[in-house]
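What Swiss-Prot says about this one:
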- 81, 112: anthranilate 1 binding site (BINDING)
- 81, 84-85, 89, 91-94, 109-117, 121: 5-phospho-alpha-D-ribose 1-diphosphate binding site (BINDING)
- 93, 226: Mg(2+) 1 binding site (BINDING)
- 167: anthranilate 2 binding site (BINDING)
- 225, 226: Mg(2+) 2 binding site (BINDING)
């Protein structure tokens, strides 16, 4: 039986693990060969020392080797946050996914239930009537017929069951918050990824490059794992094999600046109702932040030339009813009914 203890000792001593060592350590954990105490100790040793790019890449390689895949078009993208930002905000990336799909870009959305917030992507989408436990074939059909499919992380990463108890007991963010957005079962090459802290912007952009992404924006919105309309968003963009960093304010793209309080969400049912309101065309601070993130996603997808163009397309997606139609189709297909 493989032993995690040498890797715990290495991490605890402050020594970085190579990509190969990191993959080996995660293989041990994901195959059920480590105790909950060992897993907790290893995760906290990495957290305290600070996870490195090779460690994250090795961990993702381990997760990807075990996942149940979903077939999606080559131009599909993911819009996802790491979670762990402790903000309790609305489900921005979930709402954004419908708007982007309504604008004509296939979305393979990867997400989970809340671990550190009151409502994760899966919680809100389930409250809307989407069957979050649909199988891989149904999700593939949802992407091709509705323009969007939701992949519930535990259904595709069943090996996570070995580490979930330790994560819940720790009650704090770990390397796994970073891994979810990097382990999309549809193996998308275009991503808009939100991170919970600015120090992860460039490292995650480098990991995505290492793992074969073509275009990606890694974003941090002044306390949110999304682009924000309540402050300044920092971006690390992977484009044409290069990584560049820049900042965006809502005013420079024609959006109203709001207060952080206006973006506060609630329980899943409340967030689902608010999400539906945005798709139905209601004006709000939630709509504005969704427009900003949708505009960025459309730039990443190659559908928009710039952020203002992307936002204009996002407005059209909502106001034409296209985004709402995507939601209705996804509900139907995920429950195995005709779209």
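Each position is counted from 1, following the chain as shown.
Note that Cβ sites are derived from N, Cα and C of the backbone, with glycine treated the same way.
Positions of Swiss-Prot features highlighted on the structure.
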residue: 81; record: anthranilate 1 binding site; DSSP (3 states): strand
residue: 89; record: 5-phospho-alpha-D-ribose 1-diphosphate binding site; DSSP (3 states): strand
residue: 110; record: 5-phospho-alpha-D-ribose 1-diphosphate binding site; DSSP (3 states): strand
residue: 167; record: anthranilate 2 binding site; DSSP (3 states): helix
residue: 225; record: Mg(2+) 2 binding site; DSSP (3 states): coil
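Same-chain residues at least 6 positions away in sequence with a Cβ under 8 Å from that of residue 81 (anthranilate 1 binding site) are, in sequence order, 92, 93, 181, 193, 194, 195, 196, 225, 226.
Neighbour density at the Cβ, taken as the number of other Cβ atoms within 10 Å, is lowest among the binding-site residues 110, 113, 167 for 113. With a cut-off of 8 Å between CB atoms and residues at least 6 apart in sequence, the same chain places 83, 120, 121, 122, 152, 153, 154, 180 near residue 112 (anthranilate 1 binding site), listed in sequence order. Every protein chain considered, the tally of other Cβ atoms within 10 Å of the Cβ of residue 89 (5-phospho-alpha-D-ribose 1-diphosphate binding site) stands at 26.
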